[in-house]
Amino acid sequence: MPPTASTAACLRVALPVPLPRLFDYLPPSGETPAATDVGRRVRVPFGQRELVGVVVGSGPAEVGDGLRQALAFLDPQPLLHGELLDSLRWLGRYTHAPLGEVFATALPSVLRAGEPLPETHAWAWQLTEAGRTGLAGLRSGTRPQRLASLLGDGPVDEDRLALELDEWREAARSLLKRGFAERVAVPASAVAPAPQPGPVPNPEQEEAIATLRAASGFSPVLLEGVTGSGKTEVYLHAIADCLARGRQALVLVPEIGLTPQTLARFRARLGVPVHALHSGLADGERARVWAAAWRGEARVIVGTRSAVFTPLPQAGLIVVDEEHDGSYKQQDGIRYHARDFALVRGKALDVPVLLGSATPSLETLHNACAGRYGYLRLRRRAGDARPPSVRILDVRKRPLQAGLAPETLQMVEAALKDGGQVLVFKNRRGYAPVLLCHDCGWSAHCPRCSTEVQSTPLTVHAGGGRLVCHHCGHRQPRPLACPDCASLALQPQGVGTERLEELLAERFAGWPVLRIDRGTTARREGLQKLLAQLGDRPGILVGTQILAKGHDLPNLTRVVVVGVDEGLFSSDFRGGEKLAQLLVQVAGRAGRARKPGEVWWQTHHPDHPLLHALINGGYESFAAAELVQREAASFPPYAHLAMLRAEASQVEAASAFLRAARHALEDAACAGGKAPEVELHGPITAPMPRRAGHYRMQLLVSSPRRGALHACLDAALPGLYALPEARRTRWSLDVDPVDLY
Ligand code: ADP
Ligand code: ZN
Ligand code: ZN
């Protein structure tokens with residue numbers, strides 16, 4: 001439609017605001033909208049503010065009161081284009097989130113704020129035509145002449161010039177003045193030490209490497225192998241092949257897997273710069289890595305969850321290490337799953353996606369078993385390490401000290417005397433999970449949080465001196481006396497890592513005891529330093545999840561898991577899967593050494609089927625049994641879920657919103673007169689009904705067909721923003737929720 005008097009050519013802009021729509025703006029003065037504007041950032045007025053948005057289209061719009069003019073384009077050419085733009089649009093549809101918020105999540109904060117794409121190049125000098133012919137005429141031995149002859153073989157970067165020639169800048173200025181030389185931008189230093197060779201792949205690795213080499217186009221492949229089976233070696237070969245084809249590789253790792261050790265290994269083996277992207281980077285650095293990838297200069301990018309948004313104009317391979325890891329799911333804002341989005345991008349980019357794990361998620365396993373993914377396995381440990389043996393220790397009726405049985409303490413002592421290291425694993429930080437009055441039964445609770453039956457207990461920290469809520473961060477000093485009966489008999493109940501550390505340090509006074517949890521390793525390098533202190537000496541590590549993965553401990557011979565029972569009766573449908581993954585991962589830490597490893601699980605439920613499935617048939621047999629149960633109960637991967645959550649300071653506000661949402665979803669599900677394929681459960685109070693003072697309710701939407709679920713959400717969701725009830729509550733939609741909390 002050609003513009004008429006009342007319409008004008010406008011830009012359609014996605015803005016980072018929580019509204020399910022795009023916004024029309026007149027182009028900045030002097031500009032005419034064009035199809036090539038799509039993907040450029042633009043600064044626009046919005047209410048009293050200015051916002052940075054992304055142009056997603058153009059077309060005629062009514063020139064009415066509301067139509068304002070954009071202030072300026074921020075990019076000379078589209079920043080988001082091609083595959084990444086398409087994939088992000090897909091993500092917006094899939095998460096049912098405003099596109100502008102999806103873009104804001106994908107862009108580094110510096111770019112989100114409207115800064116220009118940072119420079120990533122280095123500067124070099126080269127001879128001009130005139131320089132090449134005039135070279136002979138320069139007086140020999142002078143600095144300009146020496147510089148010119150240095151440049152005779154092509155451009156030389158400034159770092160090298162500084163090494164080779166004193167006062168080269170002056171010489172360069174003199175050549176520049178004569179028109180003999182010029183300064184040019186070159187890709188940032190692509191020089192790295194020559195690649196070091198790795199171990200010779202064993203036959204299973206060889207087969208995996210060959211399969212990936214033969215893969216053409218999109219092919220998802222699961223690489224299953226226990227810790228130490230040589231998965232990373234396979235990644236390294238696949239990446240080297242990808243680099244040899246002149247393509248970029250993206251490697252995603254879980255938050256705790258991205259260690260300096262990992263990066264050093266990649267750098268040494270690949271012989272190209274390896275760019276890291278993680279939460280510890282300064283904003284400017286993050287943007288520079290993103291820009292280097294955007295320009296195709298960064299060839300290998302290793303990063304955590306949000307690195308899945310890295311532009312890959314010359315993509316050749318995506319690797320997702322520990323694909324089952326919970327840290328890949330973003331739990332607020334745009335609730336994407338980095339592994340799933342990596343698969344979407346791999347398909348759009350037409351490149352292989354390699355998913356590695358010792359304990360694949362049931363979704364991935366289901367896809368691999370159904371033949372939708374390639375399925376490669378490394379059944380043996382690489383080198384000559386042997387698998388650890390696992391033993392169930394029945395602790396019923398046993399006297400426990402800080403949760404440890406006498407047999408366990410004896411085993412620890414024997415292992416230390418034998419010169420080995422012991423890992424004592426307990427997935428609970430702090431000193432004790434509860435502070436109890438022995439005289440009247442009072443216990444310390446968070447004033448701002450509660451569960452279905454009671455307020456949430458505060459965890460005792462700092463050797464008993466401080467109380468902390470692990471849900472909202474509330475802190476208070478430990479009371480000296482019971483607030484109810486004034487008794488002084490306040491006792492920490494239960495066991496956290498601090499208490500284990502205290503007991504072990506006392507009992508094994510001659511040996512080092514290191515506690516490793518979020519309390520002791522707040523900084524990324526903290527863990528490295530602690531482990532370096534210990535070295536190969538005999539000693540004890542006490543820790544949480546952080547210790548389950550990532551660091552080679554070649555002298556670790558014994559592992560004790562103290563809190564197995566807490567995971568056995570979780571109300572979450574993924575509770576069993578998470579426990580099984582944890583038990584296998586923790587066991588994987590033992591016996592990477594030449595000495596055989598041994599793993600002990602302390603439990604009050606020695607006959608629990610989950611433990612027996614794991615011991616007798618390994619993760620595979622556990623997973624097979626668990627998939628049968630998931631199918632019977634209509635849970636993922638046999639059903640598709642979306643969770644609508646609402647929080648408000650008044651419980652009635654949250655509940656009213658979800659009731660209205662339920663009506664809208666019911667109407668959408670029944671539209672077209674067909675039998676609804678979508679089930680609604682709720683609204684019900686969340687498993688944790690009050691957190692940080694807010695009441696929480698939820699409504700679960702499920703369907704056996706993904707398409708049906710999304711059709712229903714598509715139809716109902718825009719209306720939810722407009723509900724009057726929406727104004728009094730904070731609500732969010734989580735497609736494919738990882739847990740139902
Ligand atoms: P994963 O990633 O499965 O934990 P890695 O690739 O890190 O396993 O390998 C574990 C250890 O075994 C590393 O020290 C690695 O150098 C070594 N390794 C891997 N493959 C081989 C092989 N084919 N021969 C000898 N050692 C190997
Ligand atoms: Zn009391
Ligand atoms: Zn709290």
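Glycine residues also receive a Cβ, built from the backbone N, Cα and C atoms like all the rest.
According to TrEMBL, the features are:
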- CYS437, CYS440, CYS482, CYS485: Zn(2+) 1 binding site (BINDING)
- CYS446, CYS449, CYS469, CYS472: Zn(2+) 2 binding site (BINDING)
- 212-378: domain 'Helicase ATP-binding' (DOMAIN)
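The structure, with features from TrEMBL marked on it.
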residue : record                : DSSP (3 states)
CYS437  : Zn(2+) 1 binding site : strand
CYS446  : Zn(2+) 2 binding site : strand
CYS469  : Zn(2+) 2 binding site : coil
CYS482  : Zn(2+) 1 binding site : coil
- Task: With CYS482 (Zn(2+) 1 binding site) as the reference Cα, tell me which of the binding-site residues CYS446, CYS449, CYS469, CYS472 is the closest one.
- Result: CYS446
- Neighbours of CYS437, CYS440, CYS482, CYS485 excl. site residues, C-beta within 8 Å of centre, Zn(2+) 1: HIS438, ASP439, GLY441, TRP442, PRO483, ASP484, ALA486, SER487, ALA489, LEU490
- Could you pull the average pLDDT for the domain 'Helicase ATP-binding' (212-378)? 93
- Message: Counting only residues 6+ away in sequence within the same chain, which have a CB under 8 Å from the CB of CYS437 (Zn(2+) 1 binding site)?
- Response: SER443, CYS482, ASP484, CYS485, SER487, ALA489, LEU490, GLN491
- Rounded inter-Cα distance in Å - CYS469 (Zn(2+) 2 binding site), CYS440 (Zn(2+) 1 binding site): 22
- Between the C-alpha atoms of CYS446 (Zn(2+) 2 binding site) and CYS440 (Zn(2+) 1 binding site), the distance in angstrom, to the nearest integer, is 19
- If you take the centroid of the Cβ atoms of CYS446, CYS449, CYS469, CYS472, the listed Zn(2+) 2 site, which other residues of that chain have their Cβ within 8 Å of it? PRO447, ARG448, THR456, LEU458, HIS470, HIS471, GLY473, HIS474, ARG691, ALA692
- Using a 10 Å cut-off, grab the number of neighbouring Cβ atoms around the Cβ of CYS449 (Zn(2+) 2 binding site), all chains included. 23
- Query: Counting every protein chain present, what is the number of Cβ atoms, excluding its own, within 10 Å of the Cβ of CYS469 (Zn(2+) 2 binding site)?
  - Reply: 22
- Message: Out of CYS440, CYS472, CYS482, CYS485, which binding-site residues have CB atoms lying under 6 Å from ligand 3?
- Response: CYS472
- Considering the binding-site residues CYS440, CYS446, which residue's Cβ sits among the greatest number of other Cβ atoms within 10 Å? CYS446
- Rounded inter-Cα distance in Å - CYS449 (Zn(2+) 2 binding site), CYS440 (Zn(2+) 1 binding site): 22
- Query: From CYS437, CYS440, CYS449, CYS482, CYS485, which binding-site residues have a C-beta atom under 6 Å away from some atom of ligand 2?
  - Reply: CYS437, CYS440, CYS482, CYS485
- Comparing local Cβ density (other Cβ atoms within 10 Å) for the binding-site residues CYS472, CYS482, CYS485 points to CYS482
